[in-house]
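Annotated active site, proton acceptor per TrEMBL: GLU76, in sequence order. Summarising the annotation, TrEMBL assigns domain 'Radical SAM core' to 82-309. As annotated by TrEMBL, [4Fe-4S] cluster binding site applies to CYS96, CYS100, CYS103. Annotation source TrEMBL lists S-adenosyl-L-methionine binding site at GLY146, GLU147, SER178, SER201, LEU202, HIS203, ASN277. The annotation active site, S-methylcysteine intermediate is assigned in TrEMBL to CYS320.
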Amino acid sequence: MALEQGWKKFRGHQIFQWLYRKRVSTIDEMSDLSKDTREILKQNYSLASLELRDKQVSSDGTCKYLFALEDGSLIESVLMQFDYGKSICVTSQVGCNMGCAFCASGLTKKKRNLTSGEMVAQVLYVQQDLDKTQDRLSHIVVMGTGEPFDNYENVMNFLSTVNHDRGLGIGARHITISTCGVVPRIYEFAKEHTQYNLAISLHAPNNELRDQLMPVNHAYPLEKLMEAIRYYASENNRRLTFEYILLKGVNDKPEHVKQLAKLLKGLNAYVNLIPYNSVDEHGFKGVDHASAMVFYDALMKQGIRCTIRKEHGADIDAACGQLRIKHLRKEEEGR
Ligand code: SAH
């Protein structure tokens, strides 16, 4: 909701300063605003507050936060430490409707979209945690539970706030949105010409397999997806990422390397090979490092750049949505 009070611009600057620099948690703390101004703000707005329910810290520094939103919904955010900086993985929806066969998030259907404020709040909370050691979040990935392109407007509002100079000032090139392939939104995103990175969860190089793993493929099969991606590439001079979880005996065969190479040929892109975090409820298994290397080498030989994603938080509930599911189960048992 836009605030149309006819206030001077500097009021907005003051409010941004309180929210994102001083990081207050109540409007009353905004002490250089008059009491009347604070009252108007309080009547029209509230600051999204998160209640920490659980926090798991891994030996590699990965930190998983379980939050309750104001309506009691549970969401997760993950802090990951890289050589190049600290990155937060943000949740965009409560549950997810995409139904990918291997993913923990889809075990519960989407309850609702997160507001942009609730996404900003995840970043602020983790940043406040880092303030204690004078560290700074440098990167954001929208790769937590949910499909960001099924909550497009709120995600874009969220990102412009954290990207804004007077917000958290996190560089657009340090922000990545990951989608399972909601084609109409890829076109919309392409037309916005932002500097955010786009990652596509591919996970299968042919329709037969992708249909089995990712129901979204029924609505937007690979031909439509690749057409949208080629349009994006023609409009934006940005390198694309394709995510590909290696699932043992499913999508890790030599024929898949060939199909993948054919699909991606000529694109300014690279494939991020992802070790699978196994989810008890699904039957899939990941591959060992040696098999991942074989796939990697074969793909490189086909002229496709790729990387193997380093595992983070292997000793905690690292897979998307795992910690949340565990808590939901506990709540059910308690009933
Ligand atoms: N809906 C978006 C963003 C959330 S999922 C998308 O599909 O891209 C973020 C990434 O994690 C996706 O590539 C997803 O396929 C992957 N993922 C889901 N479950 C996983 C698991 N158990 N192990 C490893 N990666 C997983």
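Cβ atoms are placed via backbone N, Cα and C, with glycine included.
Annotations in TrEMBL come from automatic prediction, not curation.
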Task: Pairwise CA distance, SER178 (S-adenosyl-L-methionine binding site) versus CYS96 ([4Fe-4S] cluster binding site), rounded so that it is a whole Å - done: 14
- [ ] Tell me, in order along the sequence, which binding-site residues from GLU147, LEU202, HIS203, ASN277 have their CA within 10 Å of CYS103 ([4Fe-4S] cluster binding site).
- [x] ASN277
Task: Arithmetic mean of per-residue pLDDT over the domain 'Radical SAM core' (82-309) - done: 95
Open item on the list: List every residue in the same chain as GLY146 (S-adenosyl-L-methionine binding site), at least 6 positions away in sequence, whose Cβ is under 8 Å from its Cβ.
Closed with: THR91, SER92, GLN93, VAL94, GLY95, CYS96, SER105, LYS110, ASN113, LEU114
- [ ] Specify the count of other C-beta atoms within 10 Å of the C-beta of ASN277 (S-adenosyl-L-methionine binding site).
- [x] 19
